[in-house]
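To start, the structure under review is shown below, and the notes come after it.
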Amino acid sequence: MRRSPATPRVRGSQCETSESSLIGRDLSTGWTGCLAPRRTEEEEEEELEETAQEKKLRLAKLYLEQLRQQEEEKAEAQAFEEDQVAGRLKEDVLEQRGRLQKSVAKEIQAPAPADIQVLRGHQLSITCVVITPDDSAIFSAAKDCTIIKWSVESRRKLHVIPRAKKGVEGQPPGHGSHILCMAISSDGKYLASGDRSKLIFIWEAQSCRHLYTFTGHRDAVSGLAFRRGTHQLYSTSHDRSVKVWNVAENSYVETLFGHQDAVAALDALSRECCVTAGGRDGTVRVWKIPEESQLVFYGHQGSIDSIQLINEEHMVSGADDGSVALWGLSKKRPLALQREAHGLRGEPGLEQPFWVSSVAALLNTDLVATGSHSSRVRLWQCGEGFRRLDPLCDIPLVGFINSLKFSTSGDFLVAGVGQEHRLGRWWRIKEARNSVCIIPLRRAPRPPTAGS
């Protein structure tokens with residue numbers, strides 16, 4: 001005789017069931033009816049009406065729904081990560097092509113005069129400054145023929161390379177004439193300095209130990225720059241030439257000619273080329289080293305005394321006609337030209353523009369700084385495509401701003417200030433202090449994005 005399956009009976013809080021029903025429930029749910037937590041009457045009725053197969057199906061659907069939600073969350077996280085990676089890759093591609101322009105200028109807030117740190121140690125006008133790649137130290141050089149290494153954190157001197165006195169034997173190596181330019185390698189290993197005596201000194205940046213002396217220029221060395229990622233050094237001089245050196249091998253490579261007057265400044269980035277400001281010949285030139293060729297650009301009306309690359313395809317220059325120009329390598333004329341960038345000086349009817357004595361650019365961004373003897377450093381924002389130059393703010397500094405350099409992080413700007421222009425003694429500002437000024441660049445907090 002065939003027995004029908006037992007049906008469970010529920011009495012109050014007791015749970016009674018047959019052996020076959022208990023086994024079936026054990027297999028499908030993993031718990032026995034007697035150990036189950038209390039449920040409402042409706043849930044118990046639904047449970048009683050649900051067969052083992054139906055319960056398996058319900059649990060399987062629930063498990064699949066959980067898997068689907070997990071996969072969606074993973075997909076969202078992966079998409080977010082891919083967006084970030086794609087953004088970085090896009091930046092890398094633009095940087096390699098020399099077209100990267102990060103927008104940071106609009107976030108910069110003008111610092112209070114009390115926040116500017118003043119470092120005093122030179123007796124005469126500061127002519128040039130450089131910052132180590134890790135932003136930990138500053139090197140300054142001056143007309144007193146000395147080089148001082150400063151700690152950014154403590155604001156104290158770390159080392160002083162003294163002036164070399166003529167006719168004194170056994171003294172440590174040093175410059176015997178005005179130092180006009182310096183450069184530091186991108187790995188922070190080498191420091192190069194050039195002076196009016198036609199010499200280039202190579203130093204170990206960490207210890208300030210003298211390594212080599214390069215000779216070959218026939219006049220004052222006015223510009224130095226290391227090619228990023230290498231120890232290849234470019235130099236330029238009032239002898240109108242550009243020379244290439246290999247510092248790691250202590251060797252001369254080649255000389256290039258083209259300028260028609262004394263060259264005033266030089267800069268370089270990662271490509272095997274450099275840019276020069278041609279002074280009175282009124283040209284900016286891009287030197288392609290492997291091809292031994294050059295591109296010539298015209299736009300300023302006065303002597304072009306300073307130049308800096310913004311990225312591999314764009315640069316900024318300043319001249320003694322008071323103008324600041326933005327250039328693209330594909331155009332022989334400026335993309336943007338700001339005349340009277342620091343205003344006018346002199347009596348009514350006899351006004352002359354303030355000379356632009358220094359320029360600086362925060363690499364791969366839209367932020368530019370210019371210096372003059374107008375008692376202020378001016379910050380500028382480059383418009384889209386570098387076709388416009390808009391003033392941002394003025395930072396009060398009395399004296400000739402002979403050199404400007406942004407830190408790698410963009411957190412501060414260093415100015416070399418002197419009573420005289422770095423290339424001559426046309427004026428003397430007695431109230432100015434020969435000093436290195438560290439200008440903090442604070443950024444305004446970004447507005448919260450929607451949904452944050």
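From the backbone N, Cα and C atoms, a Cβ is placed for every residue, glycine too.
Curation plays no part in TrEMBL annotations; they are all automatic predictions.
Here TrEMBL flags 42-51 as compositional bias 'Acidic residues'.
Feature annotation from TrEMBL assigns region 'Disordered' to 1-52.
Annotated repeat 'WD' per TrEMBL: 119-160 (among others), in sequence order. Broken down by DSSP into helix, strand and coil, the repeat 'WD' (119-160) contains 0 helix, 22 strand, 20 coil.
What TrEMBL lists as repeat 'WD' is 172-213 (among others). Same-chain residues lying 6+ beyond the ends of the repeat 'WD' (172-213) with a Cβ under 8 Å from its Cβ atoms: 127-134, 139, 141-143, 145-147, 149, 159, 161-166, 219-226, 228-231, 233, 235, 237, 245, 247, 250, 265-266, 422-423.
As annotated by TrEMBL, repeat 'WD' applies to 214-255 (among others). In this model, the repeat 'WD' (214-255) carries an average pLDDT of 97.
Residues or ranges marked as repeat 'WD' by TrEMBL: 256-297 (among others). Sequence-distant contacts of the repeat 'WD' (256-297), counting only residues of its own chain at least 6 positions beyond either end whose CB sits under 8 Å from a CB of the stretch, comprise 98, 181, 219-220, 222-229, 232, 234-244, 303-309, 311-312, 315, 317, 325, 327, 329, 331-334, 363, 423.
Under the heading repeat 'WD', TrEMBL lists 297-337 (among others). For the repeat 'WD' (297-337), the number of residues in each DSSP class (helix H, G, I; strand E, B; coil) is 0 helix, 21 strand, 20 coil.
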- Item | Other parts of the chain folded back onto the repeat 'WD' (119-160), taken as Cβ under 8 Å at six or more residues beyond its ends | 174-184, 186-188, 191, 193, 195, 203, 205, 207-208, 400, 402-409, 411-412, 414-422, 433-438
- Message: As a quick check of your reading of DSSP, tell me how many residues in the repeat 'WD' (172-213) are helical, how many are strand and how many are coil.
- Response: 0 helix, 22 strand, 20 coil
- Where DSSP helix means H, G or I and strand means E or B, what are the helix, strand and coil counts for the repeat 'WD' (214-255)? 0 helix, 24 strand, 18 coil
